[in-house]
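Colleague: Handing you a structure now.
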Amino acid sequence: MRLTDIEIEQALDNGTIVIEPRPSIDAISGVSVDVRLGGQFRVFKDHTAPFIDLSGPSGEMQAALDRVMSEIIEIPDGEAFFLHPGELALAVTYESVTLPADIVGWLDGRSSLARLGLMVHVTAHRIDPGWQGKIVLEFYNSGKLPLALRPRMTIGALNFERLSGPVARPYNTRKNAKYKDQQEAVASRISQD
């Protein structure tokens with residue numbers, strides 16, 4: 001079952017769920033807690049490779065990914081990152097999140113932002129049991145105008161579901177967990193599949 005605001009507050013109080021920095025009481029609503037945008041972004045330099053072969057040899061795939069991903073772009077507080085129509089960018093939450101082995105999280109974008117064409121998490125919105133780290137956001141501007149994104153703006157909401165029991169393989173204990181303990185806008189590691 002989804003956790004209510006009261007249950008989320010209790011989980012934060014007793015350390016079952018850890019969100020750092022801890023959200024204000026105003027950031028917790030009915031079944032979710034707001035998360036904010038961090039200051040790190042990465043973009044695709046699409047002119048550097050004609051394509052990425054997602055089923056090709058892992059070495060070639062990684063080389064193509066390395067050619068097309070920018071280094072981390074740091075945006076200071078008060079300044080803006082501009083996401084243009086049709087562009088995809090990676091970013092990271094301001095908050096770091098730690099979940100136990102019996103709770104799964106879900107990240108939803110804000111309706112107000114979606115109405116402007118901003119997709120906050122293109123497909124991967126599940127936060128696995130045992131997750132620890134910041135959450136990478138996959139932004140896509142499907143609108144007609146550039147969008148200014150500023151560090152610490154509210155960008156989405158996390159909600160949580162308690163499972164019937166702890167999972168046998170929490171994310172933070174899996175040897176093949178590609179994004180374990182991520183603290184920055186990590187690019188795709190599909191070549192490690």
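Cβ atoms are placed via backbone N, Cα and C, with glycine included.
According to Swiss-Prot, the record shows the following:
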- Arg110, Ser111, Ser112, Leu113, Ala114, Arg115, Asp128, Val136, Leu137, Glu138, Tyr171, Lys178, Gln182: dCTP binding site (BINDING)
- Glu138: active site, proton donor/acceptor (ACT_SITE)
- 174-193: region 'Disordered' (REGION)
Colleague: What's the number of neighbouring CB atoms sitting within 10 A of the CB on Asp128 (dCTP binding site)?
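Modeller: Here the count is 19.
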Colleague: Of these recorded positions, Leu137, Glu138, which scores lowest on Cβ atoms within 10 Å?
Modeller: Glu138
Colleague: Counting only other Cβ atoms and using a 10 Å cut-off, which of the binding-site residues Arg110, Ser112, Ala114 scores lowest?
Modeller: Ser112
Colleague: Cα-Cα, whole number of Å: the residue listed as 'active site, proton donor/acceptor' versus Arg110 (dCTP binding site)?
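Modeller: Distance (Cα to Cα, whole Å): 14 Å.
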